[in-house]
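**Q** Here it is, the structure in full.
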Amino acid sequence: MGANTSRKPPVFDENEDVNFDHFEILRAIGKGSFGKVCIVQKNDTKKMYAMKYMNKQKCVERNEVRNVFKELQIMQGLEHPFLVNLWYSFQDEEDMFMVVDLLLGGDLRYHLQQNVHFKEETVKLFICELVMALDYLQNQRIIHRDMKPDNILLDEHGHVHITDFNIAAMLPRETQITTMAGTKPYMAPEMFSSRKGAGYSFAVDWWSLGVTAYELLRGRRPYHIRSSTSSKEIVHTFETTVVTYPSAWSQEMVSLLKKLLEPNPDQRFSQLSDVQNFPYMNDINWDAVFQKRLIPGFIPNKGRLNCDPTFELEEMILESKPLHKKKKRLAKKEKDMRKCDSSQTCLLQEHLDSVQKEFIIFNREKVNRDFNKRQPNLALEQTKDPQGEDGQNNNL
């Protein structure tokens, strides 16, 4: 037991479900809609991720469990260069966990608050990257419904990634949505008349993109709308406000923003082809955009943490249930919950048991590994396909 003794690295079974013990907690970096976010490192691969954790009891008490489950269901089916992708989801008795891409460039709201002045060419590339993400979501029948600077993260190179699918909706074909959801200053006009039966579709995300792009360029939004503004006032604002565009902006950018901020969803730009065919985008190599080969005009400062540093204090000092004390707390909780001391406690435990049973466990690493294993077999089957022979020399 001397200095020559070294700790053996933990052994991981690739078929085992990922759990909390597979990660090292490094630091807290932010708050999500229903939980908090910290930086973690996976012990076997040493890869860094962001881990969002949501307290089950709080989710039950706030009736938010279904939203979490829906977000998990949606994110498991998505993978794109300009999204924040889900890698793992798991649970313990206390929390639900989502492990996603780690993006340390901060969200666009943070940079706006730091008085960053985004140049037109920078915003132009942001728009290109975001419309590719929106096109992908549209093909997957997903409406995000909360596009705004707060939900757009930058990676260390300055590329944008859409996050937070908590109020996203899956849209069956030939249907529209009538429920109102979103952040009012970024919600499209048709969303405020949806209760009258008209409904809305994918075009609402493109309106939100227009509001966001305008705000990035000017530092304020095109319409004076707050979260506290009533729906009636918002409708009146849309009907009476004439959006102004600074003369310093190029006419091409102004024309594009007008297409995104078109009140009529049938005339609004809401397809990737709309933007790609727009004259302002003639100089864009879209393959290079997708492959992140175009250099953004704004690159986050690598020498600073691009988030509010108070999150670390809240987690480690002020938070009544800090994550780094989880193991000790769970052991005590298991002992305390062996008996129900009231009907209310028993009812809560029933709900928590239901969450435990219905939670969706996910491991993208395993999904990708299984997919790659199937590929050689698929290729072999195709070479044996007699229908593939056309009697011609197909070698090029």
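Just so it is clear, glycine is given a Cβ too, placed from its N, Cα and C backbone atoms.
Pasting the feature list from Swiss-Prot:
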{"type": "ACT_SITE", "residues": "Asp146", "note": "active site, proton acceptor"}
{"type": "BINDING", "residues": "Ile29, Gly30, Lys31, Gly32, Ser33, Phe34, Gly35, Lys36, Val37, Lys52", "note": "ATP binding site"}
{"type": "DOMAIN", "residues": "23-281", "note": "domain 'Protein kinase'"}
{"type": "REGION", "residues": "373-396", "note": "region 'Disordered'"}
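Tell me about the surroundings of these features in the structure.
**A** Sequence-distant contacts (6 or more apart, same chain, Cβ under 8 Å) of Asp146 (active site, proton acceptor) comprise Asp164, Asn166, Ile167, Ala168, Ala181, Gly182, Thr183, Tyr186, Ser208.
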**Q** Counting Cβ atoms within 10 Å across all protein chains shown, which of the binding-site residues Ile29, Lys31 comes out on top?
**A** Ile29
**Q** In the predicted model, what is the mean pLDDT computed over the domain 'Protein kinase' (23-281)?
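**A** For the domain 'Protein kinase' (23-281), the model's average pLDDT rounds to 93.
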